[in-house]
Ligand code: S3P
């Protein structure tokens, strides 16, 4: 059963100018996918730049449990000896995906069309999150799922012995659901079609093609129509994982609000399905230069030069939400230091992340003296150009909530404590050292 160690409180104090280079770790979404597709290819996939956060390590362990050989050769350098589409073995143990919604949902998809049974669990955060959004479409392939009330983990999936291909319109903007259906479609005969009304991150589509699957994307009246031809032989690849724009968001936003800062963040992905935060920050008046634009690991990347900036509140268009869904917590921190209101609508998906992120941000910001409004689908932060701080904020086992409030503390008037910084290790284990290296005043306790 997944556990969680003792809480590790951390405190951030008003910091001097942040200066230097921020080397961001590998992209979490791409790291999960590289391990899973590597395990479904025939032969050896080599990965460099893999994120070694706990979420991804849990997916590596899951792939071993299904029979792939997953080996670490050095920092970020891994190989996966895959068993081929349809080649998974039945795991002997419960699959513990820790804190990772992406891990559990993608692995469920990958095994759903193999004739084997697997039981999944996770930590206290993951056991509260809805799995029905994945098991409903998997049922169309013939997969059966037995979980707790409300489709919660622990949950047992009985893979379809005789899967049929599926045509499915994803009811909410979710790359996890889209990807779970595509991964399940790999071992179904014929064509599996996934339709998404709003485009979400496209790493699965890019990588499936890279591994040799036949996949097309058309734009029609219904939205994006993704068609995958089942039962391909996936060919092992060399995957260079680009740096994670969602992790880069923390030093970037810290540099914008800590007076006198000037930092360089090299090689950040500018994939248009991930760059909504950066578009929004520019609209707020952020001084960010995108230098040396190029392609790395199949993704467009740039070096970001970020200087502290006077910011103005903006209205974020709801249709931008899928391209910045993980960045609303840190945007709401930046918004508190801006002049005027920042209006974030169409964000109800934030309520089913590692925590209810609208509630977690609203309570912590209020405790730090920030005025705001919220409803089910909206967060409005009334920026005053300054934040009093001086509070302890609850992180609810959520790495992005912890990092957001620590960034807030670097620019607030009084120190800000988070009740538990340990979840940061799920996505950005080097966060504290990296921020301290730039000059942030961060300490345990
Ligand atoms: C992810 C998709 C998003 C995002 C998560 C990573 C992925 O979740 O919040 O951090 O890698 O597919 P949803 O698909 O639930 O929106």
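Using N, Cα and C of the backbone, Cβ positions are placed for all residues, glycine too.
Automatic prediction, not curation, is the source of TrEMBL annotations.
Going by TrEMBL, these are the annotated features:
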ACT_SITE  326  active site, proton acceptor
BINDING   28, 101, 129, 176, 357, 400  phosphoenolpyruvate binding site
BINDING   28, 29, 33, 174, 176, 326, 353  3-phosphoshikimate binding site
DOMAIN    15-433  domain 'Enolpyruvate transferase'
REGION    1-25  region 'Disordered'
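Structure with TrEMBL features highlighted.
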{"residue": "29", "record": "3-phosphoshikimate binding site", "contacts (Cβ under 8 Å, 6+ apart)": "102, 175, 201, 203, 244"}
{"residue": "33", "record": "3-phosphoshikimate binding site", "contacts (Cβ under 8 Å, 6+ apart)": "106, 179, 203, 204, 207"}
{"residue": "101", "record": "phosphoenolpyruvate binding site", "contacts (Cβ under 8 Å, 6+ apart)": "126, 129, 176, 353, 354"}
{"residue": "174", "record": "3-phosphoshikimate binding site", "contacts (Cβ under 8 Å, 6+ apart)": "133, 200, 349"}
{"residue": "326", "record": "active site, proton acceptor", "contacts (Cβ under 8 Å, 6+ apart)": "246, 249, 353, 400"}
{"residue": "357", "record": "phosphoenolpyruvate binding site", "contacts (Cβ under 8 Å, 6+ apart)": "328, 329, 350, 351, 398, 400, 401"}
In sequence order, those recorded positions of 174, 326, 400 whose CB lies under 6 Å from ligand 1: 174, 326
Neighbourhood of residue 28 (phosphoenolpyruvate binding site) by C-beta distance under 8 A, where only residues 6 or more apart in the same chain count: 51, 53, 55, 56, 102, 244, 246, 247, 427
Cα-Cα distance maximum in Å, computed over every pair in 28, 29, 33, 174, 176, 326, 353 that the record assigns to 3-phosphoshikimate: 19
The region 'Disordered' (1-25) - residue tally per DSSP class, helix then strand then coil: 0 helix, 7 strand, 18 coil
Whole-number mean of pLDDT values that fall within the domain 'Enolpyruvate transferase' (15-433): 98
Packing count at residue 353 (3-phosphoshikimate binding site) (other Cβ atoms within 10 Å of its Cβ): 21
Number of Cβ atoms other than its own within 10 Å, given for residue 129 (phosphoenolpyruvate binding site): 20
